[in-house]
Number of protein chains: 2
Amino acid sequence: MPQERGFHVAVVGATGAVGQQMIQTLENRDFPISKLSLLSSARSAGKKAVYKGQEITVEEATPESFEGVDIALFSAGGSVSKALAPEAVKRGAIVVDNTSAFRMDENVPLVVPEVNASDLHNHNGIIANPNCSTIQMVVALEPLSQKFGLKKVIVSTYQAVSGAGAAAVAELNDQTRAILDGKEAEPKILPVGSGEKHYQIAFNAIPQIDKFEENGFTFEEMKMINETKKIMHLPELQVAATCVRLPVGTGHSESVYFEIDAEGISAEEVKSLVGDAPGVVLQDNPSEQLYPMPAYCVGKNDVFVGRIRKDLDNENGFHMWVVSDNLLKGAAWNSVQIAETLIDLGLVK
Amino acid sequence: MPQERGFHVAVVGATGAVGQQMIQTLENRDFPISKLSLLSSARSAGKKAVYKGQEITVEEATPESFEGVDIALFSAGGSVSKALAPEAVKRGAIVVDNTSAFRMDENVPLVVPEVNASDLHNHNGIIANPNCSTIQMVVALEPLSQKFGLKKVIVSTYQAVSGAGAAAVAELNDQTRAILDGKEAEPKILPVGSGEKHYQIAFNAIPQIDKFEENGFTFEEMKMINETKKIMHLPELQVAATCVRLPVGTGHSESVYFEIDAEGISAEEVKSLVGDAPGVVLQDNPSEQLYPMPAYCVGKNDVFVGRIRKDLDNENGFHMWVVSDNLLKGAAWNSVQIAETLIDLGLVK
């Protein structure tokens, strides 16, 4: 990345689970920053965060906060993005938004750099970062789509609680300890904070992430379905998803069945292709019990793929297991990676 | 059930996770027992178990243990079944075997009473109890197969550690507490006790249950594939499985995609049919966040089904979520239910 100049970067939602990872990722990547503004809701303003050893006070995000900002990374919820992202753009910033607010907007590129970086050229100030569970799946599917064509995807997810925020992680830990101690622990957050009912997540699996749509799918499932088609430029792709929350802190896993548009392809060919793809680490050797797992992917930017095998009935069908850190490639790293790509492409004014 | 006489029942593997549930289930069902023999390996012999308030000493299982036994429920591992089930049959007992030792034997019926009770008529002394993850799925699929015909099944499982025995449950609990306390806990059992590598199960998901086969599927996955075809009498059915172990004590969940051999069928019709099926409790109302979950199915004999919805691309395709207590319908209850059905059908000498 050319580092001729530094940029004024703002992180909106700096105190949240993803915001914290964004700050850390900017530091790890030695992102070219001339000034870093950490912003949040009024409730969290005044808290402090550390960037490269320096304490920075988090300020309340207002329209004026974005004066002079070059790049604003948003991850403070859809309503904050809807209210403030246009204000940031108005003031000359380019926004990378990690909420669902603009993802399906025709005028907003929805980008996973390994898949559709060229869509960035068509931005109008806002670039949407896809849903965590979508990102890791399309990184693994893209090389197959490019080489063979992709016809059908059926995914069942195994998602970590950090996708629901830091409070959900605390709920999992506190509830788990209470249950081990034989105590009661009233669920208050999961599966959906604003929902009417809350269920135990410790030692459980909850087949609901986000609210239900009229068609019986959840919003999370529809995000995976619609975002996958948009990112991969495959409006006709058949995609179905079942999204499930697990008692895992960080690291989403996915059991993915897919059908390619080619016959006679072996599992070894698929392994080789996926393993060579950008952003992918292949962990696939059954004889050595090598496959990806969420507990071992935390803190890494890669998408880990394993358990690749050919379907026993369908000549075009394959199965695979895809794991990634949902706070990094699923959120913070993909957002920072979009920002880096924007700079590389000369798209930041 | 006619209770004109009592039967001499033996439980082999009486001290194990499933054996304990078998004894409790025999008590709960008020099974017609004249004498109860509790048998185990030499290692566990001498331990005591309680049946209807009475302490019974567990004895080492030998060929002679089966003299006079009418019904023997085996759940002490495949090698014990292979060695002793024929000895029990030789002495006049009818064996219900909860291991994989005889399941795919052409001369051995593999039975889920709600699905293929009539196969019991063809027994030669041994009846096999299917794998836990298979049982709950075929109970939910059978009414659809009967009414519409079934073409294809793709299942991803979310399996509890008690399927790997009581020691695996202890490993999950101890390891979880250690991690919450910031301590180390060396994995020793999961995913496969006899395997070379062991992985953390607390706050993790392990995409391996049982050993790997040459085709890249695990033995657990192949059990689901082959047993489903045998039980449902559908040798041509397309079935694929991905089996995953979760940090859940008891209760297996399954994300099931299936295609029926009929078009124009609504999700409501499928719900109604599955909900009326024997052994099934429908828990399916998205607007009230009603769906099955493992933490809430423990101790119940039923198969719980929810999240039934029509695929958005395939007119014949549907998705559902199936949950059951893997120690009960998945093992102990299905075994006792087979024994009850044998008595009802007059098949116990």
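Positions of Cβ are set from backbone N, Cα and C atoms, glycine also.
Counted with DSSP, the domain 'Semialdehyde dehydrogenase NAD-binding' (A:8-123) comes out as 39 helix, 32 strand, 45 coil. Annotation comment: TrEMBL describes A:8-123 as domain 'Semialdehyde dehydrogenase NAD-binding'.
Marked as NADP(+) binding site by TrEMBL: A:T15, A:G16, A:A17, A:V18, A:R43, A:S44, A:S162, A:G163, A:N326. Neighbours of A:A17 (NADP(+) binding site), defined as other CB atoms within 10 A of its CB across all chains, total 22.
Within the same chain, the residues at least 6 positions away from A:R103 (phosphate binding site) whose Cβ sits under 8 Å from its Cβ are A:L110, A:A128, A:P130, A:N131, A:K223, A:E227, A:K230, listed in sequence order. As annotated by TrEMBL, phosphate binding site applies to A:R103.
Marked as active site, acyl-thioester intermediate by TrEMBL: A:C132. When secondary structure is read from DSSP and collapsed to three states, A:C132 (active site, acyl-thioester intermediate) falls in the helix class.
According to its DSSP assignment, A:R245 (substrate binding site) is in a strand. For A:R245 (substrate binding site), other Cβ atoms within 10 Å of its Cβ number 26. According to TrEMBL, the feature substrate binding site maps to A:Q159, A:R245.
A C-beta separation below 8 Å, combined with a sequence spacing of at least six in one chain, links A:H252 (active site, proton acceptor) to A:C132, A:S133, A:Q136, A:T157, A:Y158, A:Q159, A:A160, A:G163, A:P294, A:V323, A:S324, A:N326, A:G330. In this structure, A:H252 (active site, proton acceptor) is part of a beta strand by DSSP. Feature annotation from TrEMBL assigns active site, proton acceptor to A:H252.
Within 10 Å of the C-beta of A:N326 (NADP(+) binding site) we count 30 further C-beta atoms, all protein chains included. Looking only at other Cβ atoms within 10 Å, the busiest spot among the recorded positions A:R43, A:C132 turns out to be A:C132. Secondary structure at A:N326 (NADP(+) binding site), as computed by DSSP, is coil. When other Cβ atoms within 10 Å of the Cβ of A:Q159 (substrate binding site) are tallied across all protein chains shown, the result is 26.
When Cβ atoms from all protein chains are considered, those within 10 Å of A:T15 (NADP(+) binding site) total 22, not counting its own. The CA atom of A:T15 (NADP(+) binding site) is located 23 Å away from the CA atom of A:R245 (substrate binding site). Separation of the C-alpha atoms of A:A17 (NADP(+) binding site) and A:R245 (substrate binding site): 17 Å, rounded to the nearest whole number. Looking at the residues that bind NADP(+) per the record, A:T15, A:G16, A:A17, A:V18, A:R43, A:S44, A:S162, A:G163, A:N326, the two CA atoms farthest apart are separated by 25 Å. A sphere of 10 angstroms centred on the C-beta of A:S162 (NADP(+) binding site) encloses 25 other C-beta atoms.
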